[in-house]
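First up is the structure itself, then whatever we jot down about it.
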Amino acid sequence: MTQQKEVVIISAVRTAIGKYGGSLKNMDSGYLAAEVIQESLKRATVDPAMVDEVILGEVRQTTKSSNVARVAALRAGIPVEVPSYTINRLCASSIQSVGSAAQQIMTGQADIVVAGGTENMSDSPLYLREARFGGTPKLVDPNSENGQQPMEVYGEGLGMGQTAENVAERYQVSREDQDVFAVQSQERYKKAKENGIFEEEIHPITIEGRKQTYTFSEDEFPRPSTTLEKLEKLNPVFRKEGSVTAGNACGRNDGAAALVLMSREKAEELNLQPLAKITGWCSVGVAPEIMGVGPIPAVQKLLRQTGERVDGIDRFELNEAFASQALAVIRELSLPTDKVNVNGGAIALGHPLGATGARILTSLVHELKRNELKKGIATLCVGGGQGMAMMVEAL
């Protein structure tokens, strides 16, 4: 049997993250993805003709860019002979795309793959259900629909906010703890931005507005003036007596991220210095009603597979879907808080669904290299009850 090849990350880049209805609202997800694909190849100094496959994640897929990976690849100048496909594993879509790319490289099916994700939640389609063949049409916004669909599978009204309330109740995460965590995310982001931490991972993009053309290069969702006093005044959103608010949850956002992956031997052949190598990844299932705890068994499984321990990991990038679930994960895994989301998380930056996995992985590899650290884990929960985790080692 042929020995599996080692998979390395040569470049990792993202757009700045747009707020819902913000600067990126009119930019198609295919354009966002094309920008980061093009930039990731430029930074990697890889000719687009050398790419064997393009794999992207996207959740709110539309007919404007059917199979957005193909659309983005062609827009980015990748030859028509290079195939591409799009993945939807909800919030873990783009970290799955990286895992799928790694599988192709490990097994010798490909040498160089561009993987990542894209999402424009501001441009999500509205659905007119039950209208095609008569009946009573129902206009549905997938970004605010009441509950995970279909209800006969997930139960009535089981939206993501309800799952966050379930986690808060089951794992005894108080409203105060959630608000404190949310403030910490904002403060860490603010400090990181002031220190120029995100400049190396963000690719500025040009936006043509109605009146002027401008460069979009800074995340626009963070609220640096957030204080505990302000958060305490917010009402619960999902339950009258609940604890989850708009201030201690992530947002709906727009953005894209891409990574160039290749075999270690191909990198050596091209005389390229990798950022990191992928040492393992896994996915798990959990009860849909507490989907936010998916990272707990995912990280546990990953540690078993790799033979690592929590205290041997230098940095954790944990997607902050909600403060309640992030805190439950941190506590159950006994993660050192000074190693988790050290530059802020999704409560500050936002959560562009199909791009988030690649975004946190991009942030992770740059954080490890910048601080001359070694090992890191990127992990996130998934709507419907799943979790994913991926481990990398800086080179």
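Placed from the backbone N, Cα and C atoms, the Cβ positions cover glycine too.
As annotated by TrEMBL, domain 'Thiolase N-terminal' applies to 7-265.
Long-range C-beta contacts of Cys91 (active site, acyl-thioester intermediate), restricted to its own chain and to partners at least six residues apart, with a cutoff below 8 Å, comprise Val59, Asn319, Ala321, His351, Leu353, Thr356, Gly357, Leu380, Cys381, Val382, Gly383. What TrEMBL records for Cys91 is active site, acyl-thioester intermediate.
The feature domain 'Thiolase C-terminal' is assigned by TrEMBL to 272-393.
The active site, proton acceptor annotation in TrEMBL covers His351 (among others). In the three-state DSSP scheme, His351 (active site, proton acceptor) falls into the strand class.
In this structure, Cys381 (active site, proton acceptor) is part of a beta strand by DSSP. Summarising the annotation, TrEMBL assigns active site, proton acceptor to Cys381 (among others).
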